[in-house]
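Features of the protein shown, as given by TrEMBL:
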- 1-23: signal peptide (SIGNAL)
- 42-63: transmembrane segment (TRANSMEM)
- 75-96: transmembrane segment (TRANSMEM)
- 116-141: transmembrane segment (TRANSMEM)
- 206-228: transmembrane segment (TRANSMEM)
- 266-288: transmembrane segment (TRANSMEM)
- 300-324: transmembrane segment (TRANSMEM)
- 336-355: transmembrane segment (TRANSMEM)
Amino acid sequence: MKIINAVNLVLLFLALLPSMVTPLDCDVYKPQEQESSSLKYKIVAILTILFAGGLGVSIPQLGKKVEALNPENDIFFMIKAFAAGVILATGFIHILPDAFQHLSSPCLPQNPWGKFPFAGFVAMVCAIGALMVDTFATSFYTKIHFNKQKTTRQVVDVESSTIASVLDDHGGHVHVHAHATDGHAHGSVISSHDVQLMRHRIISQVLELGIIVHSVIIGLSLGASQSISTIKSLLVALSFHQFFEGMGLGGCIAQAKYKNMSTAIMAIFFSLTTPIGIAVGIGISSIYREDSSTSLIVEGILNSGAAGILVYMALVDLLAADFMNPRMQNNLRLQLGANVSLLLGAGCMSFLAIWA
């Protein structure tokens, strides 16, 4: 009897084995319930995330009127450290794991996606690419600025020489040549302030690029979802997400000292990316398949690239630059405050990963 029972158990296991090892059905679309009800939550998400992102990116711009938020104030270092922690956690905790999940999905062919860690590779390449853009752009703008000053200096020298030759007959030789020498000395040197300003502008542009790439993707995912519970949790998490990221980007834009129009364009562009992604997701929700090979590959590669850029920007351009600043090095209180702010920013953003 025991033998018969054992045989029956073996036969039952063999009968169930095919269903246990059957690969995921990645091509079958399973419509969610309450599709029409989810639309109103998506509209609320668009408005809420738009407001949160706009508020976050605008706060650092108030430094022109609010002394505490001025880039030259100590508290601004702590705000920027908090925002850098948010951006760092966004790259490591939110984006990179999603990229690995997408590019190692069982819905993708084993060859080549299962045989090589493409997510880590793309993140590394994009981090190196961000470094190259950073250095080449700084060098390029420095040369342009130097050539402009050199041209101005030559014009000043020619005009001064002409005036000097005219005034030479009237005894003005010594006076004019002294001014010409002055112009020559000032024109041949690029001030450290100008170089620093160019660096801040390049940093703000590259950082915005990395943020925009993944903002569109997360907006697309929310817009295409038909699960009300998923949309509700994403709505809250992404609102905080956009607010904190906006503060980080806004701080960089404030330090870049753009004209008002350029500042407004960059702020609006950041604020609109996730809502636009949600709107596009709503439009394609009837045909969008998040488990299709194309969606997994495209989202995985874009997420990997965005993660690499954000991690590089947070560590090199935001944290290293500020933490090695002589002003912070000579102020133990500021160092402690900045480190605590960094940990708080990274911790808050990591905590949001529970919901999004």
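Any Cβ shown, glycine's included, is placed from N, Cα and C.
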Same-chain residues near the transmembrane segment (42-63), Cβ under 8 Å, at least 6 residues beyond its ends: 69-71, 73, 76, 79, 219, 222-223, 231, 234-235, 238-240, 242-247, 249-251, 253-254, 263, 267-268, 270-272, 274-275, 278-279, 281-282
For the transmembrane segment (300-324), sequence-distant contacts whose Cβ falls under 8 Å of one of its Cβ atoms, 6 or more beyond its ends: 77, 80-81, 83-85, 87-88, 90-92, 95-96, 98-103, 118-127, 129-131, 134, 199, 203, 206-207, 209-211, 213-214, 217, 248, 252, 335, 338, 342
CB contact flag for the transmembrane segment (75-96) and the transmembrane segment (336-355), at least three pairs under 8 A: yes
Residues of the parent chain within Cβ reach of the transmembrane segment (206-228), under 8 Å, 6 or more residues beyond its termini: 31-35, 37-38, 41-42, 45, 49, 87, 90, 95, 130, 133-134, 234-235, 238, 241-242, 245, 248-249, 252, 266, 269-270, 273-285, 288, 290, 299, 302-303, 305-307, 309-310, 313, 317, 356
